[in-house]
């Protein structure tokens, strides 16, 4: 489950890359692709297993000079775990 | 087509490297006349490298190496390495025959991202499989190699009348071999499968049982494996959105370099498809007559034009419309609004009869049969 001890990271079988032709970040996996919107991409870029969720939220809020992002980040991570894009370490 | 309808890039490039194949599957979707393409007619290494570069420049990002059996080509590693260097996600679609330890290592070093391993499934192979003999041993070895190299593994099993009752064993085997994904893909009735349709189309009872068992396994196995079950469209009353739209995301290049919007489109009459030897991939994708013909909805039959669901399925499959209604622009006869829907209902009705599919022997895909059927 989504606890503060979790350090989300991109699952090994997914690859994230910038696609010039689509002007978007995409997630690639066996025979498939997901086009990411800008906020999904910013969250996933930071899912490298090095930070827990509060640290991830804090970094996003600092970078984008925003507040109150936690609910959105947690909702996205829940979905991303369900899709198995993200695992926790 | 208007200027504003300009399609997006061909996100999916399917490189059919060769029609040569050690297998003889009765459901093969390679064209019946595949033997007309001889080994010397195949696009050479340089040709394929050019295709990979041109398609990537347009925005292709998923690249499938398929066939035939792509491992028959000894330049596969060179092509995979180039695709990887260009930033493609690279998929190898293979029967596993020829995936030796050395080639697996070389493909790993070349940057191959994923292997889809298919169960071969002629009746002889089916027997092998069910009796856990030769096929099982080969698959086990190859699956072990795939896992040891750290690749995600999709197992693909074409489902039909002759193996659908063993769906539970098939799922067990995929789990045992460590697959992350299992595609239980009911045969689609094109090319060789179309010739064998009466022998391959399952009964409704078989289909319902298989779906039920698959769902039981899904509940039992949970996250361990993702199982996709593709229903044969003959049992639907709306057609599939074939290839996600004509010339929309898929670009197939056949062994001789012909560029197609799908791997069976060459059968369509009155259409010419360009060859990558003569035309650049960009011009092929955006400007060629073959790729533009069934884009948009201007070509649609009145049935489709007036249909509120036309955006959902885009009138179905052009090849199926041609095969079953004699007109590539017709509504796909799978649709119950199609004036030719009875053709599908008749085939389905035949599949329910006792002894269905036994009137004629299975016709296996091999070069001899190909030359006989398409001299």
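For all residues, glycine too, the Cβ spot is worked out from N, Cα and C.
Predicted automatically and left uncurated, TrEMBL annotations should be read as such.
Restricting the average to the domain 'Radical SAM core' (B:7-223) gives a pLDDT of 91. Residues annotated as domain 'Radical SAM core' in TrEMBL: B:7-223.
Just so you know, the Cβ of residue B:25 ([4Fe-4S] cluster binding site) picks up 24 other Cβ atoms within 10 Å once every protein chain is counted. According to TrEMBL, the feature [4Fe-4S] cluster binding site maps to B:21, B:25, B:28.
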Can you check which residues sit near residue B:21 ([4Fe-4S] cluster binding site), meaning Cβ under 8 Å from its Cβ, same chain, 6 or more apart in sequence, and list them in order? B:28, B:30, B:67, B:68, B:69, B:72, B:95, B:365
